[in-house]
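A.B. asks: I'd like to ask some things about the structure below.
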Amino acid sequence: MRYILFLYAAIAFVVLAAGSIILPDWAMFLFAMALAKGLVCLGIVAMMRGGVVSFGQGLYYCIGAYTATLAANLWGVSDIFALTLFSSVVCLIVGMIFGPMLATYRGIFFAMLTLALSMVLYGTLSKMSVIGGSDGLNIGSPTFLGWAPEGRDLQTALYIYVVAIVVITGTLMRIYFDSEQGLITLATRDNELRVEYLGASVRKVMAYNYTFAAVLGGLGGTIAVVALGHVDPEFAFWTTSGEFVFVAILAGYMSVPAVFVAAIILEVVRSFSNLYFPNTWQLSLGIFLLIVIVTLPNGLGSLLSRRKGGKT
Amino acid sequence: MSAGVLEVRDVQKSFGAVTAAKDISVSVPKGAIYSLIGSNGAGKTTFVNMVTGYIKPDSGEINFGSRNIAGLAPRLITRLGIHRSFQIAQLCNELTVEENMLLAGAIHHDERLSFFRHAHSADARERAMATLERFHIAEHRNRLIPELSGGVKKLLDIAMAMAGETQVMLLDEPTSGVAADEKFPIMDLVIEALRAEGVTVIFVEHDMEIVTRYSERVLAFYDGQIIADDTPDEVLLDEKVQRYVTGGPA
Ligand SMILES: Nc1ncnc2c1ncn2[C@@H]1O[C@H](COP(=O)(O)OP(=O)(O)O)[C@@H](O)[C@H]1O
Ligand SMILES: [Mg+2]
């Protein structure tokens with residue numbers, strides 16, 4: 001059945017990449033940002049499948065973004081592949097440190113601890129004037145294996161790069177979700193006692209998901225900073241993390257594409273509401289989320305998944 | 001006592017003022033089928049919980065083979081081959097019957113490729129179906145747990161515990177919550193399946209008919225102590241057992 005997945009992935013890539021031909025610049029930027037944030041949200045979804053929600057994924061979004069920026073500014077690295085790899089590895093290491101520590105917490109404790117970690121980073125970065133303090137840092141345009149595009153070419157190249165990363169990681173995460181470990185994760189959210197008594201370590205399951213989410217957060221942060229050209233401590237602020245959770249809940253835990261659809265919906269609603277109702281866009285988002293929760297308790301993804309659903 | 005596969009020695013456990021296990025010593029030979037009887041609160045579940053790692057004894061040894069497993073985590077004890085079922089079946093309610101079985105198979109599968117190997121591969125499903133069929137619950141494979149009868153839940157719980165390489169199986173009240181006319185068929189199925197694989201069985205049971213029919217030896221619990229340890233006929237004739245457990249001559 002795997003080749004069907006690869007076929008879907010290829011179709012998704014072609015369809016999304018075609019956007020680079022049709023979309024105007026502003027829309028391409030909006031999609032790139034939405035997809036980058038979608039990666040972070042996919043990490044939250046990975047944790048949600050195990051029954052926990054992180055309210056501090058901004059931590060890794062921010063670490064990824066700062067790592068890429070510092071690598072570019074201090075060592076002159078501009079190659080986007082190198083930047084991506086470097087910041088994912090940093091996030092992987094940080095995730096492997098905090099993952100096992102947080103893996104014994106559940107529910108509100110897990111949510112608050114992850115939130116606290118991200119706010120510690122926010123506070124620290126805001127005070128560190130060597131790296132820009134609360135103003136943050138700028139990063140130059142990326143190069144692609146020696147190619148240094150400009151203008152529309154740069155936009156297009158960056159957009160295609162995001163699409164490729166999204167399709168590859170999305171496919172990998174689908175493989176993981178469908179795997180034996182993926183099933184163990186779903187069972188953990190349901191009945192930890194059963195899982196332990198079958199001989200699996202619930203703590204390990206939680207630590208793995210947290211670590212994967214850290215890497216996804218780093219990927220999202222790297223792409224976002226390269227697209228924006230700027231990073232500041234707001235990347236780790238709780239409202240940023242809150243948006244990621246919003247998207248994850250909107251998408252639900254069943255479908256990978258739903259996460260990116262939800263992320264795009266959020267960005268689109270935000271830009272249009274900003275344009276037409278500048279002060280009430282959170283209100284429209286809130287109402288939208290309410291409607292989704294009431295009508296589709298398992299999120300948008302339940303429309304895209306054939307899985308027989310349980311309750312939450 | 002000759003060395004059994006499971007040797008429990010002088011195990012004690014108190015919960016505050018309640019002594020749930022007092023000087024418990026048992027030797028269970030390989031392949032034997034033991035039953036535990038006793039009124040509610042006698043300490044039967046505590047015994048099962050200590051052997052399977054849910055509760056750490058205050059003192060004493062629980063030897064499995066050459067290893068003292070007292071206080072090991074449940075998952076490690078499971079990995080060693082001691083599996084259990086629960087008084088209230090422990091299943092994943094959001095998964096189907098088949099997926100519950102696949103889960104059990106997945107956990108006992110080689111860990112290395114587990115992030116990649118499809119949980120619903122033809123291979124895995126075949127194995128899951130074989131176990132479900134052995135326990136006569138294959139027809140329910142696509143149903144979610146809350147839709148099942150008590151008997152089917154119990155069977156699935158036990159079938160899942162059989163997915164690994166089971167050497168000792170502890171069944172905590174396998175027939176509680178099961179309709180009266182299903183009790184014997186269920187015990188027939190379960191005991192036959194376990195016996196066929198040479199598994200050592202310890203089951204908790206209130207129904208003396210089931211105890212005499214399926215077990216070769218009975219441990220009678222009262223107030224955290226074992227007051228009788230003998231064949232079913234002898235135990236049921238025991239005066240203390242009649243007074244504290246069965247409530248009169250059988
Ligand atoms: N986790 C626990 N905490 C406190 N008391 C317990 C706990 N488990 C069992 N007990 C007490 O230990 C005694 C034995 O209980 P249990 O082993 O469940 O009995 P049985 O299974 O024979 O009905 C009871 O008095 C019970 O209240
Ligand atoms: Mg009990």
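Just so you know, glycine gets a Cβ as well, placed from its N, Cα and C.
Automated prediction, rather than curation, is the source of TrEMBL annotations.
These came from TrEMBL, pasted as-is:
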TRANSMEM  A:27-46  transmembrane segment
TRANSMEM  A:58-75  transmembrane segment
TRANSMEM  A:81-100  transmembrane segment
TRANSMEM  A:107-125  transmembrane segment
TRANSMEM  A:158-177  transmembrane segment
TRANSMEM  A:207-229  transmembrane segment
TRANSMEM  A:244-269  transmembrane segment
TRANSMEM  A:281-300  transmembrane segment
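Walk me through the surroundings of each of these features.
C.D. replies: Through the fold, the transmembrane segment (A:27-46) approaches residues 16, 19-20, 53-54, 57, 60-61, 155-156, 158-159, 162-163, 165-166, 169-170, 173, 176-177, 185, 209, 212-217, 219-221, 223-224, 227-228, 243-245, 247-248, 251-253, 256, 259-260, 262-264, 266-268, 271 of its own chain, all at least 6 residues removed from its boundaries and within a Cβ separation under 8 Å.
When Cβ-Cβ distances below 8 Å are used as the criterion, the transmembrane segment (A:244-269) is approached by residues 12, 30-31, 33-35, 37-38, 40-42, 44-45, 48-49, 53-55, 57-58, 61, 166, 170, 173-174, 177, 281, 284-285, 288-289, 292-293, 296, 298-305, 307, 309 of the same chain, each at least six residues removed from its ends.
Note on the transmembrane segment (A:281-300): residues 246, 249-255, 258, 261-262, 265-266, 269-270, 273-274, 309, 311-312 of its chain, located 6 or more positions outside it, place their CB under 8 angstroms from a CB of the stretch.
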A.B. asks: By Cβ distance under 8 Å, which residues at least 6 away from the ends of the transmembrane segment (A:81-100) in the same chain are close to it?
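C.D. replies: Residues packing against the transmembrane segment (A:81-100) from afar: 60, 63-65, 67-68, 71-72, 117, 142, 144-145, 165, 203, 206-208, 210-215, 217-219, 221-223, 226.
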